[in-house]
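Per Swiss-Prot, the features are:
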type    : residues                                                       : note
BINDING : CYS14, CYS17, CYS36, CYS39                                     : Zn(2+) binding site
BINDING : PRO121, THR122, GLY123, SER124, GLY125, LYS126, THR127, LEU128 : ATP binding site
DOMAIN  : 1-55                                                           : domain 'ClpX-type ZB'
Amino acid sequence: MTEKKTGGEKLLYCSFCGKSQHEVRKLIAGPSVFICDECIELCNDIIRDEIAGSVETEGVKGKLPTPHEICQILDQYVIGQAQAKRNLSVAVYNHYKRLRHLSGRQDEVELSKSNILLIGPTGSGKTLLAQTLARLLNVPFVMADATTLTEAGYVGEDVENIIQKLLQKCDYDVEKAQQGIVYIDEIDKISRKSDNPSITRDVSGEGVQQALLKLIEGTIASIPPQGGRKHPNQDFIQVDTTNVLFICGGAFDGLDKVIRNRTEKMGIGFGAEVKSRQGKNLTETFRQVEPEDLVKFGLIPEFVGRLPVVATLQELDEDALIQILIEPKNALVKQYQKLFSMEGVDLEIRPAALHAVARKAIKRKTGARGLRSILEAALLDIMYDLPQLDGVEKVVVDENTIEEGSKPLLIYAEQPKVSGSN
């Protein structure tokens, strides 16, 4: 019943929860039914949860994004690195296909995953590629830092914390977590410290590689509930990592020397091939990387074997750095122009200034990562003074502002002339 008379007063009741109009804030009438604000809010929560669930599983059950579509989205945010984008796009596409294959009927052919290793100099876009993937993917995605990892039992994070983050990302839904993608940054920092086995335990190097082996290949990880610490007589969440795709990235400083030592061994005698050590840049050298070079660098052979796809990123030249400054959707120049527009001021960075920024980043060997610090230093004083200045219409940054630290040019708005009375 939705209506009831009490002491001459006609009381209305919610048709769903039965509460009276006095027990709720609002009662909305329909054809012979009523619904209260509390039931409406509950319905909205149910619909939101269902929509969120369908979005999370769209990559598995819906239309698969093709490698071309994935690559086109990466192009909007990351300049260059065409080969690395292709490798990532194909790997992610195949990951979606594997999940769909597993969710369907069982087949005699078992599809195994192809984990990826990204090799490239600092500031070449490894982390940005991973962050951009995180925005466009419909499967859980987490990033981890290899430098914080140690063997279990030592101070620091153990490798199972990575899976714990994956669980947290999808609100401890184990099925979703088992279909996720993990990006481990700075993987080169856990290389073995020496070619020869040491009598002291290498808890943050080879020890971490050994711990990651089974996790990357596929194992049942025991995760404490709600991020607690492990202790006896505790129920653990069991997560199978067999279908979790792992992408590892690192700068691998010094790997180029290992590759050159292998490829440029000089022969002796008349039949020896003469090779020049000059004219090869870092990009060309990294393209010649072989598993044996990674082992020589300090990764254990078993770990290298579990990363079958190796993608190398190019060293960014001056033109590429300028493109990064102005072309992507979230380009650095666009970000600063937005900040200045909030003060009602236009910001113009002249082409010569852009070239100066790029040259400075190359000189510092910081790649694209160093662009922000250079621009921030050049614009710091004007950003400090601008809120106190009246009538500034435009700020112009030229080459001298970047190279010599001179102040940018300020253009003031013309003041309207007031005609004097005779």
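Backbone N, Cα and C define each Cβ position, glycine as well.
Here the features listed in Swiss-Prot are placed on the structure.
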{"residue": "CYS17", "record": "Zn(2+) binding site", "Cβ contacts under 8 Å, 6 or more apart": "CYS36, GLU38, CYS39"}
{"residue": "PRO121", "record": "ATP binding site", "Cβ contacts under 8 Å, 6 or more apart": "ALA251, LEU282, LEU313, GLU315, LYS365, GLY367"}
{"residue": "THR122", "record": "ATP binding site", "Cβ contacts under 8 Å, 6 or more apart": "ALA251, LYS365, THR366, GLY367, ARG369"}
{"residue": "GLY123", "record": "ATP binding site", "Cβ contacts under 8 Å, 6 or more apart": "LEU316, ALA361, THR366, GLY367, ALA368, ARG369, GLY370"}
{"residue": "LYS126", "record": "ATP binding site", "Cβ contacts under 8 Å, 6 or more apart": "LEU118, GLY120, ASP185, GLY249, GLY250, ALA251, LEU313"}
{"residue": "THR127", "record": "ATP binding site", "Cβ contacts under 8 Å, 6 or more apart": "MET143, TYR183, ASP185, GLY249"}
{"residue": "LEU128", "record": "ATP binding site", "Cβ contacts under 8 Å, 6 or more apart": "TYR77, VAL78, ALA368"}
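In this model, the domain 'ClpX-type ZB' (1-55) carries an average pLDDT of 78.
In this structure, the binding-site residues CYS14, CYS36, CYS39 were compared by how many other Cβ atoms lie within 10 Å of their Cβ, and the smallest count belongs to CYS39.
Listed in sequence order, the residues of the same chain lying 6 or more apart from GLY125 (ATP binding site) and placing their CB within less than 8 Å of its CB are VAL78, ILE79, GLY80, GLN81, ALA84, LEU313, LEU316, ALA368. Here SER124 (ATP binding site) comes close to GLN81, LEU313, GLN314, GLU315, LEU316, GLY367, ALA368: these same-chain residues lie at least six apart in sequence, with C-beta atoms under 8 angstroms from its C-beta. A Cβ within 8 Å of the Cβ centre of CYS14, CYS17, CYS36, CYS39, the residues given for Zn(2+), is found for these other residues of the same chain: SER15, PHE16, GLY18, LYS19, VAL24, LEU27, PHE34, ILE35, ASP37, GLU38, ILE40. Taking the mean position of the Cβ atoms of PRO121, THR122, GLY123, SER124, GLY125, LYS126, THR127, LEU128 as the ATP site, the remaining residues of that chain whose Cβ falls within 8 Å of it are GLY120, ALA251, LEU313, GLY367, ALA368, ARG369.
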